[in-house]
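Just below is one structure, and these are the notes that go with it.
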Amino acid sequence: MRGQAAAPGPVWILAPLLLLLLLLGRRARAAAGADAGPGPEPCATLVQGKFFGYFSAAAVFPANASRCSWTLRNPDPRRYTLYMKVAKAPVPCSGPGRVRTYQFDSFLESTRTYLGVESFDEVLRLCDPSAPLAFLQASKQFLQMRRQQPPQHDGLRPRAGPPGPTDDFSVEYLVVGNRNPSRAACQMLCRWLDACLAGSRSSHPCGIMQTPCACLGGEAGGPAAGPLAPRGDVCLRDAVAGGPENCLTSLTQDRGGHGATGGWKLWSLWGECTRDCGGGLQTRTRTCLPAPGVEGGGCEGVLEEGRQCNREACGPAGRTSSRSQSLRSTDARRREELGDELQQFGFPAPQTGDPAAEEWSPWSVCSSTCGEGWQTRTRFCVSSSYSTQCSGPLREQRLCNNSAVCPVHGAWDEWSPWSLCSSTCGRGFRDRTRTCRPPQFGGNPCEGPEKQTKFCNIALCPGRAVDGNWNEWSSWSACSASCSQGRQQRTRECNGPSYGGAECQGHWVETRDCFLQQCPVDGKWQAWASWGSCSVTCGAGSQRRERVCSGPFFGGAACQGPQDEYRQCGTQRCPEPHEICDEDNFGAVIWKETPAGEVAAVRCPRNATGLILRRCELDEEGIAYWEPPTYIRCVSIDYRNIQMMTREHLAKAQRGLPGEGVSEVIQTLVEISQDGTSYSGDLLSTIDVLRNMTEIFRRAYYSPTPGDVQNFVQILSNLLAEENRDKWEEAQLAGPNAKELFRLVEDFVDVIGFRMKDLRDAYQVTDNLVLSIHKLPASGATDISFPMKGWRATGDWAKVPEDRVTVSKSVFSTGLTEADEASVFVVGTVLYRNLGSFLALQRNTTVLNSKVISVTVKPPPRSLRTPLEIEFAHMYNGTTNQTCILWDETDVPSSSAPPQLGPWSWRGCRTVPLDALRTRCLCDRLSTFAILAQLSADANMEKATLPSVTLIVGCGVSSLTLLMLVIIYVSVWRYIRSERSVILINFCLSIISSNALILIGQTQTRNKVVCTLVAAFLHFFFLSSFCWVLTEAWQSYMAVTGHLRNRLIRKRFLCLGWGLPALVVAISVGFTKAKGYSTMNYCWLSLEGGLLYAFVGPAAAVVLVNMVIGILVFNKLVSKDGITDKKLKERAGASLWSSCVVLPLLALTWMSAVLAVTDRRSALFQILFAVFDSLEGFVIVMVHCILRREVQDAVKCRVVDRQEEGNGDSGGSFQNGHAQLMTDFEKDVDLACRSVLNKDIAACRTATITGTLKRPSLPEEEKLKLAHAKGPPTNFNSLPANVSKLHLHGSPRYPGGPLPDFPNHSLTLKRDKAPKSSFVGDGDIFKKLDSELSRAQEKALDTSYVILPTATATLRPKPKEEPKYSIHIDQMPQTRLIHLSTAPEASLPARSPPSRQPPSGGPPEAPPAQPPPPPPPPPPPPQQPLPPPPNLEPAPPSLGDPGEPAAHPGPSTGPSTKNENVATLSVSSLERRKSRYAELDFEKIMHTRKRHQDMFQDLNRKLQHAAEKDKEVLGPDSKPEKQQTPNKRPWESLRKAHGTPTWVKKELEPLQPSPLELRSVEWERSGATIPLVGQDIIDLQTEV
């Protein structure tokens, strides 16, 4: 009894799985899949990825469809097995089997063949209703059920009848794993096996042969199912809830079967109580059978119900176990709370009584109707609270005896083992039997079969070939036309052969004509006739046209609509004057007025035939304009004649006449095309000639010679010359002429290859293409590589091939041995050098990044088993997304293809990047190949519109640095003007021009004229940069050798720097006719033809000559008897060092520039050029600007001049608004005066002196300088700025005579008898001279000249530490001599200026050089009157205090040779101002600078302090220094603001002698040698 109750429990294990499978099956029941069966069908269902499902035949095989199928796909036949359960229709089929079931491995769509077909019609027997259920087991990839319409032999249109009886069956399927199947799958499979075996017999064996589950009596092995608890209408198992369908089962073979009607089955027996005491739970279940034909149908009601059991207490003390206690607690609830639950469990609840009483229920019915049984009664514990415990058991049992004897039912013994399979191979049968023990005492006999039979299939029968056999033809399809002639077709499938059997013979499709009826033909209008002429020429008019009706026929309708119609013509208004292109004379042709939108045509020029076309269009503003004319229909007379001759030879060849003169025609065309084409029509004419020549070569009456082949290829190369680029672009507008070119070359390879008598190779290398033809047998073929090793190329571009093609030998195999032995293949490979630039494939974002390669094999192979390998070298840098493309005219562009590719296609090729500069293409077809690349974001423009960023950076940095150098030189030109500066500026201009031309040349490769000009000028400027370096070396050599530099020499410099490069370029252009200048890829000298030596040769010669000059200059510098002038020696050394640094860097720069320009793909050369070019600019600026002392001083002088001009030191205004007139000469003297006291202004002096030395001097000046240098030291001096010499005439007390008079104009300064102020200067030199100054006071003359600084604001302290060295005067070409003299008379005031004396000589002459820069503006000067005119003699203002009267000394009374010191100044720098300074008194100018008094006092105090340190006491005539009146002079405020200079010691302040009364001193001896400090030599500039 316990075993019977537990049996239905495991059924509920399937609930979660069934829910999931049914939901997935409903959502995705039908899905199309590959290899599922024959192609598209009206209704085909493919189930895959499902492990359980159900369908009905009515849903899968609709009545209105003739060919339907249902296919179940096995995920993996090695791991899973398919099982199917079919519930058949209750009535037999009315006809032959219409639904077939079979399994197969795969299906070939091309031949409509099933492979590995095995039929299950014998297993299922759908038309036999004697066995309501049928099962099968399938182990192949697909399990299919297909319904086929019976063939219709007498009807043209198949009729879909009502659904047959076989459409009423239903199917359940299950996919079970062969290893470790799931428990739920085994539960269902075991029940299917139980049902299958139960219904099996000899005529209907069971289709389930074996299972991976261990089934015991129809149940899967394993532990029993867990408890189930009902709750409402939900089926629960282990607390997992689900809908009613979760509890659905398909066990239709259980007892009380309701398989035909559907609904609930009978309740099972109560199961075992869950507890032995204390109250337990018993359950029972029932099964729902869905109604036939209703998929997924369920039953209403509860699947499981339960009741309490074993309510008696457990244990003697009234305590129960935990389970019983739980039941007690549950039973202790109120009766009204348990009412519904007890009713649900199905047993009556006890009567409600006293809450404290325990009432027993009545004794139950005896558990057995015969034999010994049990009776039970129960009671409830009614308590007021849950804490109260009831005493005594809750359940009681007692025995009940019945006198009746229980019947013994018949029982089956165990099944015998399965018998062996009836067949050793193929499908057979096996069975087993069992014995029934007879019943007793009226028991029931044994139920169920005594014998079970099932199919067995051990293995396929070997050794017996099974030929493929066709399935039945499908029904004819509907006629393609409802009337008149139509077509019908039907198909069939082949069951594939096995064991080496033959394939199905015949066609899988048949077609036949069908004719249902004559179609009525309606009347049909014929095409409209052309429109008549318009009634008006413009404006509103009308046109008429008519048509004819054809028909009707066979009852058709008549033509509808009018027979004629009218339309307006000239609806467009008459064109306005601005919408008509005016008459134009363009290209020596008169174009008449033409309205916009029309094309005008005129005859071609006299040397051509045809028409020139020119279209008139409207611009965006609606103004008519002429488009450029097109010469696509113009053919030159020469090309036209050759075209006519070629057509005549072709006509002869077609008639079988031998060809004579064909070679001459080709040779003539080579000569004509060598000079280029005049019109785009010449290109088309040449292509037509070559096409006709190919047809002539194809004829057997003419055999082409090697010369013909070479001329043919040469003509193709001439067509692709760079000069014909514009002609190609114009020809492309008329049609795809590139396609014609590819076809022409392919036909030529075919003809020439097969007309070769021997198996040999042919190579033709020209300037623009390389053609290779191989003829080889298929039997001995090897891999072909292009280009082959050891080939001879004439052009530089083809000597080192960068592109390679590999054709595998598998291409030449036909698959048949006999055919391979007799087959001969011709392989043609063409490498086009520049065809890619002619094709209209470049866009704003894409570029053709390689050469074009065409590969042809004749006869063409069916397919390429080994891909064709092509390696391309990239032509441009900065590109991405390299894509292999091929020429395919049959390919229809799709949405996924790149736009605007035209006949180019990316299909059929696979791109394999090799490195940054190479790409490999693997293609599965033969065609024309190239690489299409995408420009980067910064290069998103047309090809070669901008140079690379590297070139821009290199040229830009170099040009900017050199331009800055030029600007600096121009700004300080007056100070550094010299031959070396002129050479440097020309050198910089040549480099800047070269950089600009390099960048321009990168953008003009397509413009032939501009590119040629850029190449020529680049050649010129490259050479000029080398020549200017040579010019600098030459100038340095002439300087160290002492040659005179005059205008003739300077002209020679210009001729060398600019003339020699111009001569070389002119000769090169004249000899080559500019053909070598510029190529297709760069604007520079062509690497072919030797033109590059026109640059390399002169550049190398310049380098060698420069080295020789450098060696000579170096020897001159290091020799003992070399250069004695230190300044000249320093300049020569600097020039030599500049050449040694700049020249190698210049050579490296231009060498890398040539490599970068000619090989634009190499980023290394561009980077090297950018580095060298930038470094060259920095080095030139460093050598000639930053490290050049002259430039530094000139820049400082320029800055100081600007500051002084801003401060108003030019004397332009005063406090009271009085203007001060300062002449240029006064400014020169003022600049020199300020140089003495101001260290910072020393740069002005240095730059001025350097400029004076470097300035070209007249021969007389050179002689004077040499004579001056040979004289005594006392006669040597220089004037400020550009004053070249100072001549000092001795006084009576000075033992020196007057110097010889020089031819230059001298400015003579005479002293007055009155005592004058002394010379004051700054620097350590005065400290060393203090002792001499003191000792010479008594015997010196009473005269001196005071040189005052312009401003005190610019005075700065002397540097703390300054290197000192003593240099003898006669060793320095620029030495200065200071002549100081004081008067012995102490009574005369030292501040009294000298009386004005007329100059002893004529006016000074201005020098040829530029004057020095204007002095920087000083602080506001004191108010003073304007200087008197030169012809008047008023006394200048006194230098003393405002209260002191000015001294006015009278004229000189003694002889000038005894009483005066005459200082003669040779003013060569003022020669150009002779007329302006004729009446100027130099002494008056020197003493009118009252604003220098402050500085004068400070310097005088310094001299006094130095004299005191040498213990030289001043004379008693010294006067104490008077106090200055505050705020009476403007410089006093500055003095207070800035304080006392740092170099003035404070102990100098109490000195008694006034600095303004310093006595004059004179040199004790004439030949005194003055030790000069280094910086003082530079600062000391003016001597009096």
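Sequential numbering from 1, following the chain as shown.
Including glycine, each Cβ sits where the backbone N, Cα and C put it.
For ASN64 (N-linked glycosylation site), other Cβ atoms within 10 Å of its Cβ number 9. What Swiss-Prot records for ASN64 (among others) is N-linked glycosylation site.
Residues or ranges marked as region 'Disordered' in Swiss-Prot: 146-167 (among others).
Mapped onto three states, the DSSP output places CYS277 (disulfide bond) in coil. The feature disulfide bond is assigned by Swiss-Prot to CYS277-CYS314 (among others).
The region 'Disordered' feature in Swiss-Prot is assigned to 313-335 (among others).
Positions annotated as compositional bias 'Low complexity' by Swiss-Prot: 319-329.
According to Swiss-Prot, the disulfide bond annotation covers CYS366-CYS400 (among others), on the basis of sequence analysis. Counting Cβ atoms from all protein chains shown, CYS366 (disulfide bond) has 17 others lying within 10 Å of its own Cβ.
Per Swiss-Prot, disulfide bond is recorded for CYS370-CYS406 (among others). There are 15 other Cβ atoms within 10 Å of the Cβ belonging to CYS406 (disulfide bond). Secondary structure at CYS406 (disulfide bond), as computed by DSSP, is coil.
Taken from Swiss-Prot, the feature N-linked glycosylation site applies to ASN401 (among others). In this view, ASN401 (N-linked glycosylation site) is surrounded by 9 other Cβ atoms within 10 Å of its Cβ, with every protein chain counted. In the three-state DSSP scheme, ASN401 (N-linked glycosylation site) is classed as strand.
The disulfide bond annotation in Swiss-Prot covers CYS421-CYS456 (among others), and the record cites sequence analysis as its basis.
The domain 'TSP type-1 4' annotation in Swiss-Prot covers 467-520. Secondary structure of the domain 'TSP type-1 4' (467-520) per DSSP, as helix, strand and coil residue counts: 0 helix, 19 strand, 35 coil.
Taken from Swiss-Prot, the feature disulfide bond applies to CYS479-CYS514 (among others), supported by sequence analysis.
Summarising the environment of CYS519 (disulfide bond), the number of other Cβ atoms within 10 Å of its Cβ, over all protein chains shown, is 15. The disulfide bond annotation in Swiss-Prot covers CYS483-CYS519 (among others).
According to Swiss-Prot, the disulfide bond annotation covers CYS494-CYS504 (among others). For CYS494 (disulfide bond), the same-chain residues that are 6 or more apart in sequence and have a Cβ closer than 8 Å to its Cβ are THR111, ARG112, THR113, TYR114, GLY468, ASN469, TRP470, ASN471, GLU503, CYS504, TRP508.
Residues or ranges marked as disulfide bond in Swiss-Prot (evidence: sequence analysis): CYS534-CYS569 (among others). Listed in sequence order, the residues of the same chain lying 6 or more apart from CYS569 (disulfide bond) and placing their CB within less than 8 Å of its CB are TRP531, CYS534, SER535, VAL536, GLY541, SER542, GLN543. When secondary structure is read from DSSP and collapsed to three states, CYS569 (disulfide bond) falls in the strand class.
Look at Swiss-Prot and you will find CYS538-CYS574 (among others) tagged as disulfide bond, backed by sequence analysis. Cβ contacts within 10 Å of CYS574 (disulfide bond), excluding its own Cβ and spanning all protein chains shown: 12.
Marked as disulfide bond by Swiss-Prot on the basis of sequence analysis: CYS549-CYS559 (among others). CYS559 (disulfide bond) carries neither a helix nor a strand DSSP state and counts as coil.
Rounded to a whole number, the distance between the Cα atoms of ASN877 (N-linked glycosylation site) and ASN64 (N-linked glycosylation site) is 67 Å. Residues belonging to the domain 'TSP type-1 4' (467-520) score a mean pLDDT of 83 in the model. A C-beta separation below 8 Å, combined with a sequence spacing of at least six in one chain, links ASN692 (N-linked glycosylation site) to THR646, ARG647, HIS649, LEU650.
With all protein chains in the displayed structure included, the most crowded Cβ environment within 10 Å among the disulfide-bonded residues CYS479, CYS483, CYS559, CYS921 is that of CYS921.
The Cβ neighbour count for CYS884 (disulfide bond), using a 10 Å radius over every protein chain in view, is 22. The number of other CB atoms found within 10 A of the CB of ASN881 (N-linked glycosylation site), across every protein chain shown, is 13. Secondary structure at CYS921 (disulfide bond), as computed by DSSP, is strand. The Cβ of CYS549 (disulfide bond) lies under 8 Å from the Cβ of GLY523, LYS524, TRP525, GLN526, ALA558, CYS559, GLN563, each on the same chain and at least six residues away in sequence. Taking Cα separation as the measure, CYS616 (disulfide bond) is nearest to CYS277 of the disulfide-bonded residues CYS277, CYS314, CYS366. For CYS456 (disulfide bond), the number of other Cβ atoms no farther than 10 Å from its own Cβ, over all displayed protein chains, is 20.
Proximity to ASN401 (N-linked glycosylation site), defined by a C-alpha to C-alpha distance within 10 angstroms, is shown by none of the recorded positions CYS479, CYS574, ASN881. Cα to Cα, ASN877 (N-linked glycosylation site) and CYS406 (disulfide bond) are separated by 106 Å.
Neighbour density around each Cβ, counted as other Cβ atoms within 10 Å, peaks among the disulfide-bonded residues CYS277, CYS534 at CYS277.
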